[in-house]
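**Q** My questions will all concern the structure given below.
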């Protein structure tokens, strides 16, 4: 087997926008002479603890690997032949591990049964005033750097087998640790880091923005008010935490639902989100987006729809409610709501449509123009209509492009408050490029023949 090229992969999954600002001191001031690595081998000032958790008991710290004490490695049954995940929590109010930690441990072992999953305990430094805990990330990053450097040196452990995963402030800890090991750690995943980055840390491989990067499905005010009514005002903080913590559950989803429900994010072409992201080499600081459901599995199927509207009259509307139905080889999804931001004569509208149903290969599309009010002047003066000849659809997951033509006649007539207009997979779409060219020449004649005539 050939040697694979390894490179640093740093991914920020951006959700709630939580800002923090604290003074940044140059690396050499914080960590001593930057030209010396002697500090990496001084373990006397390490405060953080490193627990090797097991698949059988993912929610408890039963054995700690202690930097500078090699006998703790076999005692905790660390396997040098396996890859190693280092999980780093963020700020805490309670001083306890949050419930997502054992869930992530379990998911990592489910995806990689032959692995070492180490949880970093920096709870004493994390349970401080937020700005104090944020400043402590530099000290904890130093602890983690010392730990992985000692582990690698003691066991001659391959750097490419080390994967740091940090959430919130823990994402900054991971980034600082990567910096202090001279970027030798092959992979770093930052799950919704706060909006501060140590100035010397390397820029991330990419940014992922689920649902636009703000409030997540199921975390809206309505759901929060329902939760408050049920459990009391003490849980008001859950509105922010719900969205902020979603990044972890999206990552867990990418681990346990990789086969059938792998979530996809999009730039110009499909890219996998989550654990499998290092299979794709992206330009640095690439921004990618995706839509998700409100619960696991989070996967939605994405369709880019393009429609051109004709009319014999000059019409102009805004915020028009539509219902779109998709029919495929596997299943169907009917009455997907979408609000058309504008609807004008001789205009092309392109929009994103999502569904939690895998309809398979698309065969038919229906479009219905809903009334935007119970009463409309158009009901008195007559219904206006748009003519639609074709609908073009690009499936995000497969990247296939399909053209749908009006089922009856050259055009379908879209009338507000009336029946669906139906489009079926175009025969033209099934032709090869050569066949399309020959068909066009047959119907219109070649440019050369036109000149002769």
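The first residue you see is number 1, and the count goes up from there.
The backbone N, Cα and C atoms fix where each Cβ goes, glycine too.
All TrEMBL annotations are machine predictions without curation.
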**Q** TrEMBL tags one of 130-149, 150-169, 170-189, 190-209 as region 'Disordered' - which one?
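**A** Going through 130-149, 150-169, 170-189, 190-209 one by one, TrEMBL flags 190-209 as region 'Disordered'.
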**Q** How many helix, strand and coil residues does the domain 'PLAT' (301-424) contain under DSSP?
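**A** Across the domain 'PLAT' (301-424), the residues distribute as 4 helix, 77 strand, 43 coil.
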**Q** Take the Cβ of residue 244 (active site, charge relay system) and count every other Cβ within 10 Å, whichever protein chain it belongs to.
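**A** Counting Cβ neighbours of residue 244 (active site, charge relay system) within 10 Å gives 22.
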**Q** Measuring Cα to Cα, how many Å separate residue 244 (active site, charge relay system) from residue 168 (active site, nucleophile)?
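**A** Residue 168 (active site, nucleophile) has its Cα 8 Å from the Cα of residue 244 (active site, charge relay system).
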